[in-house]
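Report on the following structure.
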């Protein structure tokens with residue numbers, strides 16, 4: 001009998017070792033945030049940095065060692081199948097098997113897709129669930145390992161959600177859909193999940209009293225980015241089958257499981273400390289993730305290494321990328337700025353400027369035209385003396401001479417505008433719609449077809465003079481629907497917060513008391529903690545929900561007391577020469593015990609590092625002290641969690657404007673840059689914020705010093721531009737000598 005038990009244990013071990021790591025990719029988006037770019041193709045096939053989004057997702061899964069992928073698709077399923085067939089993943093020896101699965105026409109949500117997965121019996125064990133718009137270099141296999149270890153002792157742990165800490169201004173953080181997580185501090189179990197939109201804006205969090213009563217210590221987190229990566233147990237699809245009201249993965253399934261008295265299942269979070277993960281959920285995140293790829297935050301998923309597209313790129317100084325196989329033809333008088341990618345066989349004519357942009361293959365940029373922070377798809381022609389700013393331009397578009405495309409514009413495939421077109425901000429254009437043979441009657445639903453038909457039917461009332469005399473465009477009229485659902489993130493006003501080019505909160509959005517107030521019952525009241533804390537510009541949202549510990553009886557540690565604790569902790573670290581990692585651990589522990597948001601810790605750390613720098617008379621000695629202090633302690637700012645360099649610069653500026661070390665701002669910022677605490681793009685992003693000039697402050701010394709710091713930042717950006725120009729000239733001379 002003993003030998004039989006030993007044999008069965010050995011077989012079980014072999015089965016575990018041979019278990020295939022499966023992933024499910026939901027290719028449909030079930031929203032219309034990219035229209036009209038997605039009227040004839042799915043979002044997952046839109047290019048980002050000249051490679052289809054779906055290929056970036058596959059590359060992310062390949063890094064995690066996934067062996068089998070099921071791609072669940074309804075809309076444009078033939079296009080998706082064809083794209084997979086032509087990709088490198090269909091080749092023998094690719095290491096990952098990809099199986100496209102066409103779902104029923106009635107699949108209108110993630111919940112419907114999960115029910116289809118259950119019906120087909122696709123998954124055989126724990127699996128990874130992602131959307132087809134993921135860009136990630138996180139080691140998801142480590143999350144799988146943690147999930148499986150947990151399930152050995154807790155079979156009810158059915159789902160692990162991957163999240164990352166991030167400041168409220170982090171550019172990959174969705175402004176329109178940033179949920180609240182309530183997490184057990186010891187076990188990482190998610191105890192409560194609450195959606196939170198930019199509109200209507202929440203004033204309170206509705207947390208059940210029993211969550212606080214039954215757990216010794218909980219964290220109420222509004223500083224987490226949902227990466228859209230889930231590790232699911234095999235019974236998750238069956239729960240969707242049993243509950244047909246589960247439509248959205250978070251707002252219905254996660255919320256439903258956590259509030260059910262019958263299911264008795266557990267959901268956990270995995271806070272990823274390292275790596276990058278973000279979803280291209282809207283046009284704003286499209287821009288953010290494009291810039292992160294170009295700035296190499298996604299390494300090794302970058303254009304010159306582990307690039308998911310078919311082309312290969314050469315990486316040069318200033319994060320410039322040029323196709324290697326079929327190089328672009330670039331005039332010697334053209335200017336290519338930093339963080340720019342130029343596709344194969346593209347032609348850039350005399351005196352054209354490409355700045356912080358992605359230009360697709362086989363494009364033409366005319367003489368004297370400026371492409372700034374824009375994204376141009378394959379085969380597009382931009383005429384002479386045009387300007388395209390912070391917009392997405394589809395494939396095969398013609399922007400004829402002398403035209404201007406303002407920020408936030410979306411131009412669909414095949415559109416012609418100009419000459420002399422003047423597009424307004426957030427203009428959306430497409431060609432007249434005709435149902436493609438591959439989608440008509442099977443892939444696209446009738447609602448979407450009728451939506452486009454309604455837009456075309458309204459063209460008689462549209463003044464198209466600004467589109468130019470040779471335009472073929474249909475104008476998408478921007479107006480709220482009659483049946484706008486305020487309980488959905490797709491409501492008209494909330495979508496404005498998620499669109500490309502909408503940086504300032506100057507939206508024409510009026511919040512009524514009925515819309516914005518979230519009433520909390522007497523048994524559940526958790527008062528907005530911003531009443532307890534100082535107002536801090538753009539961070540009031542982050543401070544409306546804070547970490548809560550039972551032993552503090554629901555109150556917050558006084559700000560003065562907390563700052564004193566942080567200063568004492570840092571003084572010990574400075575005096576005793578602690579490592580940065582050890583100092584960060586102590587600060588994180590203090591934060592959890594003190595019930596304060598992350599930004600308060602960063603605020604205190606930035607202030608302590610600045611005040612540690614002695615003020616000296618000699619310029620050389622002063623610079624040496626600044627560099628020495630920042631080199632030793634600067635990375636502590638990023639080690640405490642929620643890396644947000646733009647926020648770091650804002651905190652530095654705000655503190656130093658009331659400090660005796662005001663004159664050191666430029667040197668400290670330069671030291672931050674030299675030690676990689678912040679990047680050049682971060683300095684530019686901070687400088688472009690409306691709050692960075694201090695004009696929102698009352699007249700006085702602080703406002704004056706904020707303005708001085710802003711001017712110092714402008715000088716630094718000018719110096720970086722000059723340095724870039726000299727590097728480009730040196731590169732040209734080297735090419736001539738070759």
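Along the chain as shown, residues are numbered 1 onward.
Heads up, the Cβ atoms here are built off N, Cα and C, so glycines get one too.
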Note to self: Between the candidate ranges 265-313, 314-362, 363-411, 510-558, where does TrEMBL place the region 'Disordered' annotation?
What the structure shows: 510-558
Next item on the list: Choose the correct range: of 213-247, 423-457, 458-492, 563-597, which one does TrEMBL annotate as region 'Disordered'? Give that range.
Entry: 458-492
Notebook entry, point to check: Using DSSP, how many residues in the region 'Disordered' (458-492) fall into helix, strand and coil?
Noted result: 7 helix, 2 strand, 26 coil
Note to self: Limited to the domain 'W2' (556-730), I'd like the whole-number average of pLDDT.
What the structure shows: 84
